[in-house]
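What TrEMBL records for this protein:
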- 37-83: domain 'RING-type' (DOMAIN)
- Ser350, Lys356, Glu357, Asp386, Lys527: UDP-alpha-D-glucose binding site (BINDING)
- Asp386: active site (ACT_SITE)
- Lys528, Asp552: Mn(2+) binding site (BINDING)
- Asp751: active site (ACT_SITE)
- 830-850: transmembrane segment (TRANSMEM)
- 862-880: transmembrane segment (TRANSMEM)
- 900-920: transmembrane segment (TRANSMEM)
- 951-971: transmembrane segment (TRANSMEM)
- 983-1002: transmembrane segment (TRANSMEM)
- 1014-1034: transmembrane segment (TRANSMEM)
Amino acid sequence: MEASAGLVAGSHNRNELVLIRGHEDPKPLRALSGQVCEICGDEVGLTVDGDLFVACNECGFPVCRPCYEYERREGTQNCPQCKTRYKRLKGSPRVAGDEDEEDIDDLEHEFNIDDKKQKQQQQLEEGKQNSHITEAMLHGKMSYGRGPDDGDGNNTPLPPIITGARSVPVSGEFPIATSHGHGEFSSSLHKRIHPYPVSEPGSATWDEKKEVSWKERMDEWKSTQGIVAGGADPDDFDADVPLNDEARQPLSRKVAIASSKVNPYRMVIILRLVVLGFFLRYRILHPVHDAIPLWLTSIICEIWFAISWILDQFPKWFPIDRETYLDRLSLRYEREGEPSLLSAVDLFVSTVDPLKEPPLVTANTVLSILAVDYPVDKVSCYVSDDGASMLSFESLSETAEFARKWVPFCKKFSIEPRAPEWYFSQKVDYLKDKVQPTFVQERRAMKREYEEFKVRINALVAKAQKVPAEGWIMKDGTPWPGNNTRDHPGMIQVFLGHSGGHDTDGNELPRLVYVSREKRPGFQHHKKAGAMNALIRVSAVLTNAPFMLNLDCDHYINNSKAIREAMCFLMDPQVGRKVCYVQFPQRFDGIDSNDRYANRNTVFFDINMKGLDGIQGPVYVGTGCVFRRQALYGYNPPKGPKRPKMVTCDCCPCFGRKKRKHDKDGLPEAMADGGVDSDKEMLMSQMNFEKRFGQSAAFVTSTLMEEGGVPPSSSPAALLKEAIHVISCGYEDKTDWGLELGWIYGSITEDILTGFKMHCRGWRSVYCMPRRAAFKGSAPINLSDRLNQVLRWALGSVEIFFSRHSPLLYGYKNGNLKWLERFAYINTTIYPFTSLPLLAYCTLPAVCLLTGKFIMPSISTFASLFFIALFISIFATGILEMRWSGVSIEEWWRNEQFWVIGGVSAHLFAVVQGLLKVLAGIDTNFTVTSKATGDEDDEFAELYAFKWTTLLIPPTTLLIINIIGVVAGISDAINNGYQSWGPLFGKLFFAFWVIVHLYPFLKGLMGRQNRTPTIVVIWSVLLASIFSLLWVRIDPFTVKAKGPDVRQCGINC
């Protein structure tokens, strides 16, 4: 599809398809090279009639006439691609076997189709896509690339496809060409001149050993015939050199944590578990009779905390690190002088509202993707605009234009990061390691270009602030199809592609595709999860890369080799086939140095995720994740070699028999595992494919291509219609999308559900932590914004807990989910409920101080050992975790503080909102209102802004009552004498524990203190309150009577 073809908008249900042209100036196209013979590397050449020479009319494998004639005379007479016997073409001599052909001597009439037949075939292709073409696609591709018998018996005629002037590589280029009419598309039937995508060694239909021998024979024949390949070096056509030892090595390896760090850590965990058991036993057997309600409340809270700790701690039992070997990846898949064999990757960027998600941020993310260090023909970027905003569309158009200058600059000087906003804002020596004399000059010019680009984007944003009464109008006068964001057709625009997508140096750029799915009233669109599923389908129709990387619009690629890092796991021939996704840690920019509200979440990403990586893999966290497309399609992982079956008689029903398994969707187990037992099974399951994937022939065909590549298409119009079809609002009706396929629906945290389903099928995931962070994003540093973010996460966990996918009940049937992995998933769904006992436990110190009672009786010296041992084991566990993970003590302490802050605010509201939604069907939203702003010139002005929200009420209340309790307790102890100070210390300890954990929250309430430190203000208020109460209690201005009180004792006392 040409990059300048225009915006395609349409609705499958309404049978509409419109091409809007002229919105942007057409980009200059660069002429494509001619067809190249895949055997000898020469030009394929033309026939005597001036047409492109086509040796095989079945698959169109590009072979020149000398190679074709040599193979017919001295070879196997079969096409290397599809194994179909070569037919004699016009001008070629007869060979043995030609007598069996019933066609005329030179097959001339087979290629000269008259106009009448052309029109009939056009109508057949455009009008009967869901009948004839569907069956042809399914029959032609059902056995393609899925089983061990690819190379044998693959003689089924394959459906034709319209393409450009060169072969389609593995990357999955989508060869669409549009007509120059308005709303109409030309369609014609040609001979297939492109092969199907060539799979990587080991699974390709083209046998490499035969290819080598054929090359050798061709070289000998050419030398005898005196044919020289255009001045090329004969060494270029030699057989592949065997991989050296380095290239045969694994692409990655596990790095176990040193036993000197892990073994003491495990011993302390066991010791802490034992001590916790003795502690709870003592607490239960020694009640406080004068404060039974307080004692019982504390016991329930402590038991819940113990269960929560077990679920969180034991999944960290097997922490590991990983190493990747990028040099081995290049040696294996990128040999010098040969096309890259790296797998293609489709990258997804999702955005909704450009006024909340600034277009400049999204543009930086897209630019970092286009400049990634990966073969350009293997990269396709899809931007999902779920708000159908013309601002997003025009911003992406400007981004595509700027990318023509930015991408060559990045690759020429190997700069990092490749997001211009963050590159130019770095406070580092940008001349380090730069040796080109022109770097400084070109950097200044590029910075000026970027500033002009920013001005253009800002102008678009300013223009979008006020919507015209008649709606937005495009440059050619056409109304913007997305003026009604809730009722608009699907839209697709290719800004960069294989034609017209070249930079200023003339090099090809990755593909950039704008997608806005159709929305209509009365349909459930499923928010982000629905948008991601639409991207899966439209990318499968257009490029169909075997791997996909999804990023939030504010997460740019910080390490240009990030995709290569993931490929070290996914393309590893030893372990890669069972890996469903590679998750990268989230890293953030723009966070204050103290990380007041634990925005970096280092404990989770550097401790918990490493622990899960040693079990079955990390959970999916929503962004920065490279998926295997087949895993998202609901297929099971390939199984390893089975153990030998026990030989028994049939007399015992328990042995010797094994029922054939079918999954719940009706697909045979062999098919789900990626293998096919017979054509009968595949044809039998055709209806299941439509029910499972939807009624799109092109998309269903693409799901069967494990190694990716473009599915066959009959015409450009058909391919465009299929792309619009798969993003229509009713496509998912009565299918498994969102239930078993793609991103799973049912929770606002669709990421947890999606990863959970894959792990339940037996897949494993991998955690990749390169030294240079792969991706970086932005995080809310304001207190209210941070609490609302945590609220959304916690609410999603509550929804999962009450759904049919609850880890407590789901996934036991196949036994594929490991127990420690299940513990981790259970913990991700029940952690919001910890807010209830946490809120009660934080209230107990204030109640004890105000009432004079306590949750524990007077303890003996022996009993005090339990408390001391418990606190020591708690601190020892944290210290040893920090030791093997590398997390600093400040980061660990911030995480502990925010666990309490979020637990008594956001998690509490999430539980209430979740219960209302599940039990009563009531949706409750908590709004954030900005009441004050900081200094706009300050980088962290947002940190000090105060935004009122109801989430602030519970922690504020806890702070007030605990401070009042401390004041009242100290005043009472001073008044009652020395003997009352002993019991007071225990109460004060728990009260100060609450206040210290809520201290960052209190700083957030205080805002900026330019002169007076916050701690001074706190202690001032505290001491003032204590002295005020003491003053009232002592009352020095009142004269105290000396001696006994005669009114009570009487005169004779």
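The backbone N, Cα and C atoms fix where each Cβ goes, and this holds for glycine too.
Model, not experiment: these values are computed from the prediction.
Annotated features, which come from TrEMBL, shown on the structure.
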{"residue": "Ser350", "record": "UDP-alpha-D-glucose binding site", "CB count, 10 Å": "23"}
{"residue": "Lys356", "record": "UDP-alpha-D-glucose binding site", "CB count, 10 Å": "8"}
{"residue": "Glu357", "record": "UDP-alpha-D-glucose binding site", "CB count, 10 Å": "17"}
{"residue": "Asp386", "record": "UDP-alpha-D-glucose binding site", "CB count, 10 Å": "22"}
{"residue": "Lys527", "record": "UDP-alpha-D-glucose binding site", "CB count, 10 Å": "15"}
{"residue": "Lys528", "record": "Mn(2+) binding site", "CB count, 10 Å": "19"}
{"residue": "Asp552", "record": "Mn(2+) binding site", "CB count, 10 Å": "22"}
{"residue": "Asp751", "record": "active site", "CB count, 10 Å": "24"}
Other same-chain residues whose Cβ falls within 8 Å of the Cβ centroid of Ser350, Lys356, Glu357, Asp386, Lys527, the recorded UDP-alpha-D-glucose site, in sequence order: Thr351, Val352, Asp353, Gly387, Lys528, Ala531, Cys553
Confidence summary (mean pLDDT) of the domain 'RING-type' (37-83): 79
Any contact, the transmembrane segment (983-1002) to the transmembrane segment (862-880), with at least 3 Cβ pairs under 8 A: no
For Glu357 (UDP-alpha-D-glucose binding site), the one of Lys528, Asp552, Asp751 that lies nearest, given that the recorded positions are compared by Cα: Asp552
Cα-nearest neighbour of Asp751 (active site) within the listed binding-site residues, Ser350, Lys356, Lys528: Lys528
Cα-to-Cα gap, Asp552 (Mn(2+) binding site) vs Ser350 (UDP-alpha-D-glucose binding site), nearest whole Å: 6
For UDP-alpha-D-glucose: widest Cα to Cα gap among Ser350, Lys356, Glu357, Asp386, Lys527 in Å: 16
Ser350, Lys356, Asp386 screened against Lys528 (Mn(2+) binding site), Cα within 10 Å - retained binding-site residues: Ser350, Asp386
Residues in the domain 'RING-type' (37-83) grouped by DSSP into helix, strand and remaining coil: 10 helix, 4 strand, 33 coil
